[in-house]
Amino acid sequence: MTQTFDQTFDKDIAEKAQAIIARYPQSRSALLPMLHLVQSVQGYVSQDGIRFCAAQLDLSEAEVSAVATFYTMYKRRPCGEHLVSVCTNTLCAALGGDAIYATLKDHLKVGHEETAGEPGEPGSITLEHAECLAACDLGPVLQVNYEFYDNQTPEKALELVKALQEGEKPAPTRGAPLTDFKQAELQLAGFFEGRDADLDGPSAAEETLRGATIAAERGWTAPSTPDNAEFPPLPEKK
Ligand code: FES
């Protein structure tokens, strides 16, 4: 093969791609983690990355492009060392998410999905709006490389981003220790490279478990599911 992706995606990446494919009964099911693997190399899904996935999975480039452009976690432009995602969905926005985004936007002098600094270089930051990050009880929240920083304020978020620009990696509120965007993408592809312990990081927050904790203290339990639950018949699909 003479495609330029041979230089970009070396033997190690091709082997990882084959390991991903081996996880599934049908190779095309491997496309989502494969796209994360591509991002772990280049920091985005390039045209070469699309060709690489298509060749590995026996798909057309159009099929791979359709998926890569549908999901927001697949980036079409190179990301910074860190991806900062500020939740500006309704609840976080009302609690200060919009102000956090505006503060970071002013500081970094970039807009949505734009990068301050040279993409991939140390201290470079890509900023983005994010939809609900499923942590509304801890809002306003932001994520760096998909790790959570809960209960943020504009001041705390600015301090965090300045630290990232200085090369520091402040600990997330919960979950795994912070790495960088490419390393996080490798993990999303299913490769932990000696960081398997990251999976054990405490991900649940006290606030999230409060209902369960109160129920346990008071001895409340949900009714058990009967062994033979009968479900109403589903309407026939036509
Ligand atoms: S609205 Fe921000 S986490 Fe749900």
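Heads up, the Cβ atoms here are built off N, Cα and C, so glycines get one too.
According to TrEMBL, the feature [2Fe-2S] cluster binding site maps to C87, C92, C132, C136. C92 ([2Fe-2S] cluster binding site) is surrounded by 26 other CB atoms, counting those within 10 A of its CB over all protein chains shown.
The region 'Disordered' annotation in TrEMBL covers 215-238.
It is C87 that, of the binding-site residues C87, C132, C136, has its Cβ surrounded by the most other Cβ atoms within 10 Å.
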